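J.: Sharing a structure with you now.
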Amino acid sequence: MKNITCYLLLLCMLFTTCYSLNNDLDALLKLKKSMKGEKAKDDALKDWKFSTSASAHCSFSGVKCDEDQRVIALNVTQVPLFGHLSKEIGELNMLESLTITMDNLTGELPTELSKLTSLRILNISHNLFSGNFPGNITFGMKKLEALDAYDNNFEGPLPEEIVSLMKLKYLSFAGNFFSGTIPESYSEFQKLEILRLNYNSLTGKIPKSLSKLKMLKELQLGYENAYSGGIPPELGSIKSLRYLEISNANLTGEIPPSLGNLENLDSLFLQMNNLTGTIPPELSSMRSLMSLDLSINGLSGEIPETFSKLKNLTLINFFQNKLRGSIPAFIGDLPNLETLQVWENNFSFVLPQNLGSNGKFIYFDVTKNHLTGLIPPELCKSKKLKTFIVTDNFFRGPIPNGIGPCKSLEKIRVANNYLDGPVPPGIFQLPSVQIIELGNNRFNGQLPTEISGNSLGNLALSNNLFTGRIPASMKNLRSLQTLLLDANQFLGEIPAEVFALPVLTRINISGNNLTGGIPKTVTQCSSLTAVDFSRNMLTGEVPKGMKNLKVLSIFNVSHNSISGKIPDEIRFMTSLTTLDLSYNNFTGIVPTGGQFLVFNDRSFAGNPSLCFPHQTTCSSLLYRSRKSHAKEKAVVIAIVFATAVLMVIVTLHMMRKRKRHMAKAWKLTAFQKLEFRAEEVVECLKEENIIGKGGAGIVYRGSMANGTDVAIKRLVGQGSGRNDYGFKAEIETLGRIRHRNIMRLLGYVSNKDTNLLLYEYMPNGSLGEWLHGAKGCHLSWEMRYKIAVEAAKGLCYLHHDCSPLIIHRDVKSNNILLDADFEAHVADFGLAKFLYDPGASQSMSSIAGSYGYIAPEYAYTLKVDEKSDVYSFGVVLLELIIGRKPVGEFGDGVDIVGWINKTELELYQPSDKALVSAVVDPRLNGYPLTSVIYMFNIAMMCVKEMGPARPTMREVVHMLTNPPHSTSHNLINL
């Protein structure tokens, strides 16, 4: 009997083991099915296949088994699955480590996770999980040491149930949408070493009870959270702390001196808050400190002398504060300092001349202070210096010779000082330099004959004393976008070679002693947006072919001796908003119609032999001109008429033939149920249905037979018969995007020549039409603010909730469309890189954005990122406030951002109220001033010159949707 019992027990154990093995295999296969969404590739987890082998699942990629073939670790990383995590995860009840990260998984977490009682590591970071985080799933996870939910879409309050995890060492809920306060109970994690709650929407005060976390080494609470109050002084008692970050968190008050007790701290990041007072000298007790960032606050006073004890410092960021006094001499003695950025303060006196002598400097920026004396000579002793920026100070003397051979340099900016002497010639041959700004100084001498640099995108030498000829070797600067040589003493002719530069967008050589004619090659530089040759001694005529400059916005050749007739082809240059031909020797009659309707008489003043059609002095000239050409016209008309008749016959034949062919060739690809056919869409491509034209193509309104209205965008230069540059795959990705503030892509119709995108129809047109047309007066401030919030939410979705993120590349008021309820929808996202016209130059097709909206760094990097979109959105906010277009209304070469900065300088007593009152849209009869000021300040944050200093779109949404209480009051009339 005893033997039978043992036998049955052994049989039962064997059955249980076999069942568990089969159960693990079955669970993995079901997990694969649920995690693979419709967008997943067929080869995702391709080795996860059914097998009769008891241990087959142990060889699956990312699977680790114990000696009993039970799954104890599952790691599915960076597999684009796009599905969800199913309840079968709970059947893998021997799991000790679960890592499912960067897989684009969506939905809520299954409660069956609570069955994983052996789990030590739970990592679900970098996915799209949503809903409240189910804290009760952790009740049975008594062994859990690491919980990482970073970068998901969780919302609601932070879960308090997890405080029962007494072995927890690592906790990250960063990068989500958690709201409410930080629970006091989080101080009960006795073994917690890392706590990351940054990048959420948390409010309230930072609990001082967090000081009870005596094992804590890293604490990150900032970015997008908006706490009330300041930094709890009690945090200074966490002696184990090595990394403390509470940036961009709405902190107020002063920096607690008690933080100086954190002797093991190596990184302190408190930037982008509202901290005031002085920098506590007690911080010098943090002898391990390597990185100190207190930038973008309201700190005052001087840099404490006691900081000389911080020998391990590698980074000092104090920029955008109100610090004063001198930059202490000991800064130059810090042996490990790599980054010194103290721009936009009130520092004065002379810089320590030993700065950089430690041989470690990489980033150096002291812009916008009151510094004097000479620039330190050894800044590039390290041979690693990347940024050398000293603009807007009172430096004198030459640029140190050590800058010339500094091959690591990427940015040289010394404008607006009193520097003089010749420029070290090596500067113009640096291989990595992207920007050289020497303007508004007293530099002299000639430019070197040989200039090179594949990375140089911005060369600005304006308002100096340079002489000699402009080197033809500038043709070697293949990345050059901006060339500013105005207000110097250059002579000779304009080198024709310059206009062979493939991405040159702006050239200003006004105010020199240049002679000769305008090079004919200028008409071949199709990327040009602004040309200024004014105030020279140029002769000859404006070259033919100007209409080739399709994106030219500014053309100024005033105050020269240019002669001949004004080219009639200018009438077709629809992008040209500023034309100045004044004070030359032009003759004949000013053309009319077309783009000439945009210009006023000042554009042509000072040309004695030039007349306007409406002037009586032109009557006889017009009569003689018409009579002398009458016979010639008769012959031409006859030839044209005969040719036209022939062309009509041929065209009608071809149209019939093509129509029969096209009816078979069009294909409709729908991203949702559409109750119309491709042929119905094509039938709407008529002149009378056009509702918009732009760089992206022509937009038609299409009314389908079932009563549906759609917007049909006919893209330029794209068809399925050509190399589609990933077009189909990308468009299908865009078609899956769903957000109430994103204009929905319904589908597309295509043949071998053309792609037609089908969008929701927006009956109220674009924001640009309402702001800059006759309708502008009907947009109240409340409506403008609402549109700003909705457009920001749409962009935020593209940047933060799409994987991979989508960069719009062409944010502007004309790409923000309004539905019947005036709700804003972001349009044309992700299309800019596909607008390739095979008939245009590559430089043309690569331009990202619209003139006036393009971020300044694009000029020298030729790259866009999400911060480029943020800059463009900031311009849109300024449009909403000011009611004016971003360019064309502020004078030659001045955009809306430059105009605001100029206006601020001209104010007698500058203040936010005075500046906003000076620039606000006069059509707004009444508005809450504090609300306008609030949005204005957000806009100015977005258009900061340096991309990293701009907020993210998440931060913009948070700021716009959480204004101070006072912004809803104070309605005034001005």
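Note: Cβ is positioned from N, Cα and C throughout, glycine not excepted.
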J.: Which of the listed positions, Asn513, Asn706, does Swiss-Prot note as N-linked glycosylation site?
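T.: Out of Asn513, Asn706, Swiss-Prot attaches the N-linked glycosylation site annotation to Asn513.
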J.: Name the residue among Asn556, Asn901 that Swiss-Prot annotates as N-linked glycosylation site.
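T.: Per Swiss-Prot, N-linked glycosylation site applies to Asn556.
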J.: Which one of Asn312, Asn764 gets the tag N-linked glycosylation site in Swiss-Prot?
T.: Asn312
J.: Can you grab the distance from Asn513 (N-linked glycosylation site) over to Lys693 (ATP binding site)? Cα atoms, rounded to a whole Å.
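T.: Here the two Cα atoms lie 41 Å apart.
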J.: List the helix, strand and coil residue totals of the repeat 'LRR 7' (263-286) as derived from DSSP.
T.: 5 helix, 5 strand, 14 coil
J.: Take the repeat 'LRR 8' (288-309) and find every residue of the same chain, 6 or more past its ends, with a Cβ under 8 Å from one of its Cβ atoms.
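T.: Distal contacts: 242, 247, 255, 263-281, 315-328, 330-331, 333-334, 336, 341, 949.
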J.: Would you identify the secondary structure of Asn104 (N-linked glycosylation site) according to DSSP, in three states?
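T.: In the DSSP reduction, Asn104 (N-linked glycosylation site) maps to coil.
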J.: Take the C-alpha atoms of Val699 (ATP binding site) and Asn556 (N-linked glycosylation site) and report the distance between them in angstrom, rounded.
T.: 33
J.: Near Asn123 (N-linked glycosylation site), which residues of its chain come within a Cβ-Cβ distance under 8 Å, counting only those 6 or more away in sequence?
T.: Leu98, Thr99, Ile100, Thr101, Ala146, Asp148
J.: For the repeat 'LRR 5' (189-213), which stretch among 92-116, 143-165, 263-286, 383-406, 456-477 has the most Cβ pairs under 8 A?
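T.: Top-ranked stretch among 92-116, 143-165, 263-286, 383-406, 456-477: 143-165.
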J.: For Asn513 (N-linked glycosylation site), list the number of other Cβ atoms lying within 10 Å of its Cβ atom.
T.: 13
J.: For the repeat 'LRR 6' (238-262), what's the mean pLDDT in this predicted model?
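T.: So the average pLDDT across the repeat 'LRR 6' (238-262) works out to 95.
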J.: Do you know the DSSP helix, strand and coil residue counts for the repeat 'LRR 5' (189-213)?
T.: 5 helix, 5 strand, 15 coil
